[in-house]
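Okay, structure first, notes after.
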Amino acid sequence: MEGQRVEVDGGIMEGGGQILRVSTALSCLLGLPLRVQKIRAGRSTPGLRSVCLLMQVSMPCVLFAASPSELRLKGGTNAEMAPQIDYTTMCTLLILGYYPKGGGEVVVRMSPVKQLDPINLTDRGSVTKIYGRAFVAGVLPLKVAKDMAAAAVRCIRKEIRDLYVSIQPLQESRDQAFGNGSGIIIVAETSTGCLFAGSSLGKRGVNADKVGIEAAEMLLANLRHGGTVDEYLQDQLIIFMALANGISRIKTGPVTLHTQTAIHFAEQLAKAKFTVKKSEEEEDASKDTYIIECEGIGMANPHL
């Protein structure tokens, strides 16, 4: 396969940065010359943006590097149409950037591995904790964060009454934040260690209560489907499942177009084998729940 250039149409399926992220990472790891055409061609702003999405390209690559790596990624850390940096807990935050201005910086330190073990995430357990943070930066008052948090808690309480919900309002310090902005992220943790999140960013002219409720409703939707991962983590795991040494299984809610796209290119480029089928467990009979299974290629780090 090495030496033969792979041509990829960046406009098919999800038609966005997902195609480039998965293809570029696999191209780098497998030594496949790659050409991607029409990147994000169907989007209102073609091309690439956002720190967290750059991390998705680089993390699989540095895991198979010869030595520990430090990445310094600059751009929007809390941006629309991308996971917020708060969602990605393995990072050391330096300077936060906020939608719509951007300008943040993230430092990621990772050590290489010999091989990736397969994952088996099929038992969700029960929700044991719900916590989060509502934040404002720049000239916005702390009251905006408090209003977002209070509205989110009220919304969650309507559906989950037996758990304490702790959402901390925060004012980011002037020297740690770039620009004005606000947002909220709420995480639910289960007895088996599964994590689900809902998040939203404040926008000019949008009531703070509405932002809090949007994040809460996203979290509740992710808890209703019975899967073990939320809609964001679902597609991010695909490339690691493809590279792992053995069979990985995850239980999900509705399979997103981002996930279908990641699977398509992981099969095309890495030759990993995926199956997606409806969960046959009794508890999932009335839910839109699926099992994604992958026989990974057992990628080995040649440097270790």
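Cβ atoms here come from the backbone N, Cα and C positions, even for glycine.
Under the heading domain 'RNA 3'-terminal phosphate cyclase', TrEMBL lists 13-49, 50-276. If you look up TrEMBL, you'll see Gln56, Tyr232, Leu233, Gln234, Asp235, Gln236 marked as ATP binding site. Marked as domain 'RNA 3'-terminal phosphate cyclase insert' by TrEMBL: 122-223. Annotation source TrEMBL lists active site, tele-AMP-histidine intermediate at His258.
TrEMBL feature annotations superimposed on the structure.
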| residue | record | contacts (Cβ under 8 Å, 6+ apart) |
| --- | --- | --- |
| Gln56 | ATP binding site | Arg21, Ala25, Gln236 |
| Leu233 | ATP binding site | Leu195 |
| Gln234 | ATP binding site | Gly227, Ile250, Thr252, Gly253, Val255, Thr256, His258, Thr259, Ile292 |
| Asp235 | ATP binding site | Gln18, Thr256, His258, Thr259, Thr261, Ala262 |
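In this record, ATP is bound by Gln56, Tyr232, Leu233, Gln234, Asp235, Gln236; the longest C-alpha to C-alpha distance in that set is 13 Å.
For Tyr232 (ATP binding site), other Cβ atoms within 10 Å of its Cβ number 21.
Residue counts for the domain 'RNA 3'-terminal phosphate cyclase insert' (122-223) by DSSP state, with H, G and I taken as helix and E and B as strand, are 34 helix, 37 strand, 31 coil. Cβ neighbours within 10 Å of His258 (active site, tele-AMP-histidine intermediate), excluding its own Cβ and spanning all shown chains: 22.
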